[in-house]
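Swiss-Prot has this to say about the protein:
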type     : residues           : note
TOPO_DOM : 1-15               : topological domain 'Cytoplasmic'
TRANSMEM : 16-36              : transmembrane segment
TOPO_DOM : 37-42              : topological domain 'Periplasmic'
TRANSMEM : 43-63              : transmembrane segment
TRANSMEM : 65-85              : transmembrane segment
BINDING  : 69, 305            : hydrogencarbonate binding site
TOPO_DOM : 86-93              : topological domain 'Periplasmic'
TRANSMEM : 94-114             : transmembrane segment
TOPO_DOM : 115-126            : topological domain 'Cytoplasmic'
TRANSMEM : 127-147            : transmembrane segment
TOPO_DOM : 148-169            : topological domain 'Periplasmic'
TRANSMEM : 170-190            : transmembrane segment
TOPO_DOM : 191-196            : topological domain 'Cytoplasmic'
TRANSMEM : 197-217            : transmembrane segment
TOPO_DOM : 218-247            : topological domain 'Periplasmic'
TRANSMEM : 248-268            : transmembrane segment
BINDING  : 262, 266, 304, 306 : Na(+) binding site
TOPO_DOM : 269-318            : topological domain 'Cytoplasmic'
TRANSMEM : 319-339            : transmembrane segment
TRANSMEM : 341-361            : transmembrane segment
TOPO_DOM : 362-371            : topological domain 'Cytoplasmic'
TRANSMEM : 372-392            : transmembrane segment
TRANSMEM : 394-414            : transmembrane segment
TOPO_DOM : 415-566            : topological domain 'Cytoplasmic'
DOMAIN   : 436-546            : domain 'STAS'
């Protein structure tokens, strides 16, 4: 397997332009997410460079742009807030938080190495929509304090909501005006201009220039980013807290899993735009390496970013070279122009992050979820509430569990209709003319027990119900020829029906056992109780043998009609 991503120079012009355009979009977003996370603008920039570089170089989606994203920032905010509060010093807490980022990267590398990529996006859409919308709401709520010109209160979402009256009573008009103006520019900028220059960059530059002249740094106490240190970052030594180690593992797992989902969903978008197919397992390894190195050098966690990826593709990017160009451009900005960011108002960055939060919310599905599926809508709303008020991992776990239970119930109900007991040819089941003849000759003493389709554990109840409803008989023909897969629970229910029939000294025939179904029954040792001459591949032959076993005199002079379907 090729170690690096797909890189060639046949599309060098498109890749360079795509990378440059993606870098222009990434700059304001990285600054905003760095500040929003609590780690600072510098951490956001280095996260954009390092995650973007290593994910592009070693990932499995050639056009994917990786950087700090809204969902990852929400989790990072909680991680940083917790460990800076619980550690002996804020610096130690920040080191632990960056260690969690490294651990999240290791988790992603493990997920990719175990080839779990294909399972990540098999989550029900109601759950994905719910937790993404919940993350969007969290990001919006967390920006309320800086949006209103004040420092964020502790306690995350709950703390912000509890302090909302205080925040509103101490509103800073100048900073709030800058934040509102930022949102207005991004929201209402004409589409024809958006295609030329990203509205986030326009809002960042205009907001900074206006603030510089209206609120001069020398005389105003307007909150700004402050100077970002030029040069390469220092290595962050991994720091572990024995008391908090369990919390570190859990946070790293959540961050890693969210990064996997975020990246692979964006990879699917990239596939649809480029008509290619990504390598999900390779992508997870690339994302993991990106987050590992980002944490190692004091950057926040990142994942595949939909906006940057789409812009990269639309600008001509087709290989991983575009992602590498983007990372190089951002590196040049950090090393050569870091001082220019010192006067950027925090309110402008809050406005950018606020708009990202609004965009993350799945408005399209929220508006029509109740029309598509009331149960699905309830799952989505439940996941949103749990994400916002409890915990992301709890929200996803509960959402997936409930969605799967409902799906299993629907599948079981559909498959239960394919569990039938037939006593005569008048029953609603397709039989050949010969099979109908033999079933009629059985005079109700021979029953055909037919199963078809995959038999999951939810069908066990239907098998037991049909078996219990059987009338008195002398022979049972179990037809499983149309069962491609049989789960453990369903096979045990079938075993129980066969064992009970044998205990009552009834003749038992098994028809059509093949493939996985046969192997399952062999493991249950059923074929030791049902002799080979009664394990047949032909339903007609099984019915004939069952009838003749009860009425041997019918063997004399019996003529078998043709076998066309009735």
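Glycine too: its Cβ is placed from the backbone N, Cα and C atoms.
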By DSSP, how many residues in the topological domain 'Periplasmic' (37-42) are helix, how many strand, and how many coil?
3 helix, 0 strand, 3 coil
How about the transmembrane segment (197-217) and the transmembrane segment (43-63): do they have 3 or more C-beta pairs under 8 A, pairs 6 or more apart in sequence?
no
Mean pLDDT for the topological domain 'Cytoplasmic' (362-371), as a whole number?
90
For the binding-site residues 262, 304, 306, which Cβ has the most other Cβ atoms within 10 Å, all shown protein chains included?
304
Counting by DSSP secondary structure, give me helix, strand and coil numbers for the topological domain 'Cytoplasmic' (115-126).
6 helix, 0 strand, 6 coil
Please spell out the DSSP helix, strand and coil residue counts for the topological domain 'Periplasmic' (148-169).
13 helix, 0 strand, 9 coil
Contact check, the transmembrane segment (319-339) vs the transmembrane segment (16-36), 3+ Cβ pairs under 8 Å, seq sep 6+:
yes
Under 8 angstroms for C-beta pairs, at least 3 of them, ignoring pairs fewer than 6 apart in sequence. Is the transmembrane segment (127-147) in contact with the transmembrane segment (170-190) by that rule?
yes
Around residue 305 (hydrogencarbonate binding site), how many other C-beta atoms are within 10 angstroms of its C-beta?
28
Of the stretches 43-63, 170-190, 372-392, 394-414, which racks up the most C-beta pairs under 8 Å with the transmembrane segment (16-36)?
43-63
Translate the DSSP assignment of residue 69 (hydrogencarbonate binding site) into the three-state scheme.
coil
For the transmembrane segment (341-361), which recorded stretch in the set 170-190, 248-268, 372-392, 394-414 gives the largest number of Cβ pairs separated by under 8 Å?
170-190
Please state whether DSSP places residue 262 (Na(+) binding site) in a helix, a strand or coil.
helix
Determine how many residues of the topological domain 'Cytoplasmic' (269-318) DSSP places in helix, in strand and in coil.
32 helix, 2 strand, 16 coil
Segment proximity, the transmembrane segment (394-414) to the transmembrane segment (248-268), 3 or more C-beta pairs under 8 Å:
no
